[in-house]
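Enquirer: According to TrEMBL, the record shows the following:
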- 29-49: transmembrane segment (TRANSMEM)
- 61-83: transmembrane segment (TRANSMEM)
- 162-180: transmembrane segment (TRANSMEM)
- 200-219: transmembrane segment (TRANSMEM)
- 231-251: transmembrane segment (TRANSMEM)
- 271-291: transmembrane segment (TRANSMEM)
- 298-315: transmembrane segment (TRANSMEM)
- 321-340: transmembrane segment (TRANSMEM)
Amino acid sequence: MVLNGTKQGHPSLSPVSVSSEVSIISLKYVSLGVLVLQTTSLVLTMRYSRTNVLQSDGPRYLASSAVVCAEVLKIVTCILLVFKDHSFSVRALNRVLKEEIINKPLLTLKLAIPSGIYTLQNNLLYVALSNLDAATYQVTYQLKILTTALFSVSMLGKKLSIYQWLSLVILMTGIALVQWPTEVTSSTKQEDLTASSQLIGLLAVLVACFSSGFAGVYFEKILKESKQSVWIRNIQLGLFGLIFGLGGVFAYDGERVQENGLFQGYNSLTWTVVALQALGGLVIAAVIKYADNILKGFATSISIILSTLISYFLLEDFDPTSVFFLGAMLVIAATFLYGYESQWERTERDSLRIERRETGTWNGTDGACMACD
């Protein structure tokens, strides 16, 4: 950021720096918008693909194999992005992959922790959506916002103001009201859910909430402490995820794979879910780079409201009540409240970035100040 002096002796932003800051802000909100769209589509398609509607065509697809396919697609996409960043040079691509992955085994092994947790989380979400109704799943899964905030404070040393904590409470209350189960019985309600299956789904969501919070913050910490490309990081995550995923396939679904193959039950909808899940990992990485995990949680919460609206107008399996509209207003209010605090914090960070650019301690490659957080 370049400063120019004014007649009053106060610094002012040059046109170049203003344009740069506007570009960063635009990228952040574009990433959040795409994340909302991706999450909304993923929830709807994943839930629909795990219902009984498609089982008449044969065996239902294996969730473990879908997770593996998503990891493969993510690895290929990231390799292509690195290939593009190096002017489509095969030699440069091989050199970068060797230097950043093979020649740095300790740094690469650090990604095994979040990768294994992400793989577990992705499998648990399939389990949850197979055993819980949508309302219970969506409400309970919002606990990841709170766990992310707690891990951000404990692991990254972030200090949230009273207003930000209040916004988290308001958000949790709003989402709970939006997805509060009604007593209206619809023809599509699943009456055959047993107590055991509901318990399995509930436990899956709870474990996914804590794993999501820890892995997301851990990955954010690694990103902000390193100059590596976010695409290289995702290749490392994907490689470990592929190993863990394949282990899960043969450990839990080995017999079914031998009987009907790895891609049993696959159709166009299944491949759509796989693509959305793979895209989600890359979008989340972009969101972490330009924002933080808690703001990502708000975007996810907004997507749940959109999912509910789509379910009402298109799927016609949800009847909104006054409680729903009250919850929606609370979510919007919480989003603005946290956004106001983020604007103030961004101003403070910009001041620190100016100072650190002058002292040469600014890490400009990953968009984060090495010592700000």
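First residue shown is number 1, and so on along the chain.
Positions of Cβ are set from backbone N, Cα and C atoms, glycine also.
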Enquirer: Three or more CB pairs closer than 8 Å, sequence separation of 6 or more: does that hold for the transmembrane segment (298-315) against the transmembrane segment (29-49)?
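Expert: Checked: the transmembrane segment (298-315) vs the transmembrane segment (29-49), in contact.
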Enquirer: Give the one range among 29-49, 200-219, 231-251 whose Cβ atoms make the most pairs under 8 Å with those of the transmembrane segment (61-83).
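Expert: Answer, by Cβ pair count: 231-251.
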Enquirer: Are there residues at least six beyond either end of the transmembrane segment (231-251) with Cβ under 8 Å to its Cβ atoms? List them, or say none.
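Expert: For the transmembrane segment (231-251), the sequence-distant neighbours (Cβ-Cβ under 8 Å, at least 6 residues beyond its ends) are 62, 64-65, 67-68, 71-72, 74-75, 78-79, 81-82, 85, 96-97, 100-101, 108, 111-112, 114-116, 118-120, 123, 219, 222-223, 257, 262, 281-282, 285.
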